[in-house]
Amino acid sequence: MNNKLTALIFLGLLAIASCKWLNEKSIQNKIDEKIGKNFLGGMAKAVVHKLAKNEFMCVANVDMTKSCDTHCQKASGEKGYCHGTKCKCGVPLSY
């Protein structure tokens, strides 16, 4: 039960972070409070960091908000493709 609650809190914090209501530092402080400074806490903080620096909301090769494609259309007129959590203009996935 405690693991499920921790996962639920973590997912809630990620959802709030993606809406730009909180910054990365405050979410990592909440992780330290709820999970602690252990292996699981470090993993959670690494995921938050990776998602926080994700400018175009690319998650697992999926453009969740179509902001990658919009950015590439404005910047170079090419289609935007998500490569993991990175946005690349005019470079489709090769796999």
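These residue numbers are counts, starting from 1, taken along the chain as shown.
Including glycine, each Cβ sits where the backbone N, Cα and C put it.
Taken from Swiss-Prot as is:
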type	residues	note
DISULFID	Cys58-Cys82	disulfide bond
DISULFID	Cys68-Cys87	disulfide bond
DISULFID	Cys72-Cys89	disulfide bond
DOMAIN	55-95	domain 'BetaSPN-type CS-alpha/beta'
SIGNAL	1-19	signal peptide
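DSSP assignment over the domain 'BetaSPN-type CS-alpha/beta' (55-95) gives 9 helix, 12 strand, 20 coil. Mean model confidence for the domain 'BetaSPN-type CS-alpha/beta' (55-95) is a pLDDT of 84.
Across the fold, the C-alpha of Cys82 (disulfide bond) and the C-alpha of Cys68 (disulfide bond) stand 7 Å from each other.
Summary: among the disulfide-bonded residues (Cys58, Cys68, Cys72, Cys87, Cys89), the fewest other C-beta atoms within 10 A of the C-beta are counted at Cys89. Proximity to Cys58 (disulfide bond), judged by a C-alpha distance within 10 Å, picks out Cys68, Cys87 from the disulfide-bonded residues Cys68, Cys72, Cys87, Cys89. Counting every protein chain shown, 21 other Cβ atoms lie within 10 Å of the Cβ of Cys82 (disulfide bond). Between the alpha carbons (Cα) of Cys68 (disulfide bond) and Cys89 (disulfide bond) lies a span of roughly 8 Å.
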